Amino acid sequence: MNASTSRRALLVLYTALVFVFIFAPIVSTVVFSFNADRFPSLPWGGFSLQWYEAIFADASIQRGLMNSLIVAVATSAIATFLGFAAAYVDYRYRFFGKMAYISIVALPPTVPVVILGVAMLTFEGRIGLSGTLTGITVGHVVLAAPFAMALVRMRLADLDPDIERAAWNLGATPWATITGVVIPFCLPAILASVFLTAAVSFDEFMIAWFVSGVNETLPVRVLAMLQGQVSPRINAIGALVFAVSMTLVVAAQMLLGRSGRRNAKEA
Amino acid sequence: MSDASPVPTLPPSASAKASRLRFAAFWSLPPLLWQLAFFVVPLGFLVAMTFWSVKSFRLTPDATLANWIFILNAGFFRNAYIYTFWLAGLTALLASFVAFPASYAMAFLLKPATRRFLVFMLVVPFFTSYPVRIYSTQIFFSPQGIINAVIEPLGLGPVSVLNSPTGTVVGYLVLTLPLVVLLQTFALGNVPRTLVEAAHNLGCGRLRTILTVIVPSARVGLIVAATFAFVLAFGDYVAPVYLGGSKPPTLSILIADQVKSGNNWPRASVVAVVMIVTLIIVMTAMLALAYGRKGARR
């Protein structure tokens with residue numbers, strides 16, 4: 001084995017270690033959610049579904065899950081519409097102040113969520129939205145819409161702008177063009193953004209923690225449980241959140257992947 | 001460009017023009033109004049509230065500098081500010097150096113299919129509950145936890161990183177490392193292979209190639225990655241609470257405490273505004289660093 005190969009092997013081993021560090025908490029969450037023992041330690045105490053049974057028997061967790069799902073569905077619908085609209089405006093129009101327009105829509109993810117949370121709480125407190133699911137949804141849409149915009153905008157980059165003009169000149173109204181040409185073309189990205197924004201909302205805990213009041217979402221419930229003692233139920237919830245989010249992300253990925261392949265074929 | 005357009009546009013009639021305008025308004029106004037109402041206005045309100053006062057437990061619109069003077073002069077705030085800034089800076093640096101060899105391997109050594117798979121894997125952590133990941137990390141490091149169970153038979157003393165700044169940094173790395181590896185891999189992937197080969201052909205050693213060719217050409221991406229790590233760590237609340245044991249408090253802990261138990265929203269707003277200003281300055285400085293000397297170099 002020469003020096004180059006061993007250096008290569010060493011680097012690959014190092015990379016593996018970095019991935020071990022990143023994935024150890026995730027893997028242990030899933031593994032210990034099925035552990036029979038109360039305390040997550042080695043050796044493993046045997047397979048058990050008791051923690052899943054425990055969380056499904058817990059009314060506060062059920063309510064949290066329900067609230068999270070309601071907020072995620074509402075968020076994904078509104079954020080995807082707003083994101084599509086902003087992406088289309090960016091694609092179609094040139095106007096004075098466009099940079100400012102795009103910045104206002106796209107900037108929220110760069111602001112720390114703890115600050116978004118306080119701002120949301122104080123503001124929503126004034127207009128009577130704090131403590132409501134609507135209030136949480138409002139905050140989640142602000143955070144999720146930029147992701148939807150990015151996804152749709154990437155797709156629109158592949159649409160020849162002359163196609164729309166051609167449709168208009170053939171007598172189609174802008175409305176007919178957008179429903180007949182633009183939206184069908186963007187459909188994979190739109191669906192991907194529905195799933196991705198739902199996942200963003202489903203995992204968000206800081207804004208919801210500030211705003212939610214008694215209407216806790218699932219991650220906020222977890223945050224409250226963390227304050228208490230060691231509980232394998234947190235692992236079970238974590239594994240459940242992981243399963244739901246990953247289903248959404250993989251679905252989004254598959255939709256984007258399919259449209260990407262189709263593009264490659266067309267080109 | 002529009003002159004060269006292969007599709008000539010007919011002159012629109014007046015009613016068509018009105019319809020076009022309605023159409024443009026339908027798509028452009030909702031995102032704008034939503035983000036104005038629920039992003040810009042709340043942040044503006046946050047700034048305005050720093051000048052309000054709390055009189056007999058009630059928020060009162062006011063124009064006082066008392067909150068600013070109190071917070072900026074408070075020793076606990078200054079300590080928290082320096083501590084948070086230092087830990088976030090350390091995290092950005094650590095994450096960058098820990099990630100680099102892995103990003104290098106992903107960009108230059110691994111097969112494209114393996115790279116694609118690993119890039120997808122790096123997205124996964126963003127969609128697992130971050131508080132649960134921190135909880136897991138806590139369990140790993142706890143006195144009877146997995147790490148101590150593994151290293152004690154090896155004769156290594158029990159490690160105690162929980163409830164210490166080290167614990168907080170470990171948590172910050174859990175948060176930032178996936179993103180930093182991802183961004184660095186993209187940055188290194190964009191380094192022209194021809195440059196690297198040219199350096200090799202001219203007899204440049206591996207380490208020298210990395211330092212004089214690869215790092216400078218990927219500089220923008222590497223700095224952006226470090227900046228994101230700083231921003232994420234600076235604003236994080238979960239790691240300093242559950243791994244750092246809230247001692248000493250970070251700025252986000254101060255905010256949460258002022259809001260949740262102190263109920264002093266104006267003071268929390270001052271801390272939040274100071275954080276935003278700090279982040280804007282840091283991001284501007286990092287962008288200047290990223291793009292600054294580019295022109296001079298060429």
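Glycine is treated like the rest: Cβ placed from N, Cα and C.
Annotated features, as they stand in TrEMBL:
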TRANSMEM  A:12-34  transmembrane segment
DOMAIN    A:65-252  domain 'ABC transmembrane type-1'
TRANSMEM  A:69-89  transmembrane segment
TRANSMEM  A:101-123  transmembrane segment
TRANSMEM  A:129-152  transmembrane segment
TRANSMEM  A:173-200  transmembrane segment
TRANSMEM  A:236-256  transmembrane segment
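Using a cut-off of 8 Å between Cβ atoms, the transmembrane segment (A:69-89) and the transmembrane segment (A:12-34) share fewer than three residue pairs, counting only pairs 6 or more apart in sequence.
By the count of Cβ pairs under 8 Å, the stretch nearest in packing to the transmembrane segment (A:173-200) among A:12-34, A:101-123, A:129-152, A:236-256 is A:236-256.
The list of residues near the transmembrane segment (A:12-34) in space but at least 6 beyond its ends in sequence, with Cβ under 8 angstroms from a Cβ of it, reads 40, 44, 47-49, 51-52, 232, 235-236, 238-239, 242.
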